[in-house]
Amino acid sequence: MKQKSSVNHSYLSRFNANSRQKAKKSQKMSHLRKLAAGWMILQTFLVATPTLAQKADNQMSYGQFLQKLEQGDVKEVELDETAQRARVTLKGEDEKAPQKEVVLFENNPRLSSRITKSGANLEVRSSLDRSATASILLNLIIIFMLLGALIMIIRRSAGASGQAFSFGKSKARFQMEAKTGIKFDDVAGIEEAKEELQEVVTFLKEPEKFTAIGAKIPRGMLLVGPPGTGKTLLAKAIAGEAGVPFFSISGSEFVEMFVGVGASRVRDLFKKAKENAPCLIFIDEIDAVGRQRGAGIGGGNDEREQTLNQLLTEMDGFEGNSGIIVIAATNRPDVLDQALLRPGRFDRQVIVDYPDYQGRLGILEVHSRNKKIASEVSLEAVARRTPGFTGADLANLLNEAAIFTARRRKEAVTQKEINDAIDRVVAGMEGTPLVDSKSKRLIAYHEIGHAIVATVTPNHDPVEKVTIIPRGGAGGLTWFTPGEELGLETKSKILAQITSTLGGRAAEEIIFGKDEITQGAGQDIQMLTSMARKMVTKFGMSDLGPLALEGQEQPVFLGNDSMQRSEYSEAISSRIDNQIRAIVLQCYDNAKKIIRDNRYAIDRITDILIEKESIDGEEFRKLVKEFSNSSESELMVHS
Ligand SMILES: Nc1ncnc2c1ncn2[C@@H]1O[C@H](COP(=O)(O)OP(=O)(O)OP(=O)(O)O)[C@@H](O)[C@H]1O
Ligand SMILES: [Zn+2]
């Protein structure tokens, strides 16, 4: 007997030894062999098919084989354990005649002794030559890699969702408040929305009024508006005014990893709500579930669609006057599935927008009710300084001011705390000032550059403050007092803004030289480029004429038709770039000229800024006036 490979070794052990360890090993090996055999079938099947027919006549059945053995007709047997075949040479047969092939059954431990007893020669072979071994090894490696990848995927997804395996438990994730305690008085600045929703309060309080005359009570309302404008607050106020329980859940809570969980949450929520009717259900971020079905990259999302379908089913299932009203909030009404907006569902939309001046004043008044505010503080001035702030921003602003006040051990909030709070809300945390160094000088020149260009350029908002105290990641800041409202912007005003935004970089270049400009102006440059681009492509303010050359920018992942991007040709595209470049370069030239012309004043004011670290707008304008008048003779010396 010959041993040719380790596989063969295991074969022998099965015949000769009974030790457990060896048996185990052989079991494993036979298992592997089965796997390998599977692969080999795949690999050889195609090649072997055509020869099957030809093979038939030199085959011998197992029974025939045993019979021949018994009769002593067998001269030689070659056992091929891996292929489970035996090649048989019969006595008295021509040497050149092909051997008969016998297909063996797997467990035939007595076969070898039978063969030897019959007096035939026994030879054990393995059809596994080297290349076969290699292919088995390769296959094993592939199998292990696949298993490994599978395990990793399972682990990851389990970790990511944290509770991927709590499937089926479907914890109800909604909140219920028996009494919200919030009244319409607590909501300010969104008067129209309040008026529209006043009706809902009546629906909830006295449904008979409507049903008596056959009016159908709306089931759903959609509050549309940017984050922080008070949508949740408004919904709570409705429940508070009507004195009904308030159920709330966020759309993102519905969408879980496993299909079916979201839908079961919807069912739970509506079941509980029905038990507590009349009541109000508030669904925040409805776009998380209510997005158009089958839209977005990668097609639909089964879980989301099931949840949405369940929601629609529940809403359709209401009786006319079940006393449940569903209010949903979103800031993306455009991505919602049309089915959600159909009559009987969220068919009414109420816009909740940024508050205007009056609105901001109202909100500030609401939130200063429970705070000690010094009488010198003018809420009107604060409201004027905060266009673009939402209700949440204003609430946060007053809270920050109160925190500053407590920290400074003052009795009441003064204007100073409010100003500091505005700075903080707008630009982030204040950092520690730099020690005197080249970078501090550079930052000071950069900021003064912005401030002076803004001050000299007509049509620009006035400077409110220049500072080199770092804040929210910026090394220094120049603040402007915004105009009355965010409203119409003229071309000259936008150009003035671009020019002043370039003032920082212009100062760096003129004062420190072309090679010393820094990346600190990066943000400025991004901002002004986008302003210039809008002038050309959106506002029709370039030589290309009054054409909209770009649609609404939409992130691609939002679903809907996201592929309608470039609507213009290569040629137009390069003309747009040229226009943008022309605008920016013209503004940059102007900014550099202003810096050169005011070099003396800039040097003086920068020295003062480095020393004081902050200069407010009034003082800045005074300094500019003072130094520009006395600069004529000095200019000659400096340039
Ligand atoms: N119009 C407002 N009047 C008074 N307070 C407001 C107003 N708007 C917002 N607030 C304050 O801001 C907080 C947050 O607002 P709310 O959560 O209602 O905003 P939202 O529009 O629901 O935001 P989101 O879309 O992020 O959920 C409120 O709790 C309230 O203190
Ligand atoms: Zn800057």
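From the backbone N, Cα and C atoms, a Cβ is placed for every residue, glycine too.
Listed in sequence order, Val466, Thr467, Ile468, Gly476, Leu477, Thr478, Gly504, Leu609 are the same-chain residues at least 6 apart in sequence whose CB falls under 8 Å from the CB of Glu447 (active site). Residues or ranges marked as active site by TrEMBL: Glu447.
The ATP binding site annotation in TrEMBL covers Gly225, Pro226, Pro227, Gly228, Thr229, Gly230, Lys231, Thr232. Pro226 (ATP binding site) falls within neither a helix nor a strand when secondary structure is assigned with DSSP, and so counts as coil. Counting only same-chain residues at least 6 apart in sequence, those with a Cβ under 8 Å from the Cβ of Pro226 (ATP binding site) are Asn331, Asp353, Tyr354, Thr390.
Annotation comment: TrEMBL describes 1-20 as compositional bias 'Polar residues'.
Broken down with DSSP, the domain 'AAA+ ATPase' (217-356) shows 58 helix, 29 strand, 53 coil. Sequence annotations record features per position, and here TrEMBL assigns domain 'AAA+ ATPase' to 217-356.
Under the heading transmembrane segment, TrEMBL lists 132-154.
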Overall pLDDT of the domain 'AAA+ ATPase' (217-356), taken as the mean: 82
CB contacts for Thr232 (ATP binding site) [other CB atoms within 10 A, all chains]: 19
Recorded positions whose CB lies under 6 angstroms from ligand 1, from Pro226, Thr229, Gly230, Glu447: Thr229, Gly230
Thr229 (ATP binding site), number of other Cβ atoms within 10 Å: 27
Conformational class of Glu447 (active site) under the three-state DSSP mapping: helix
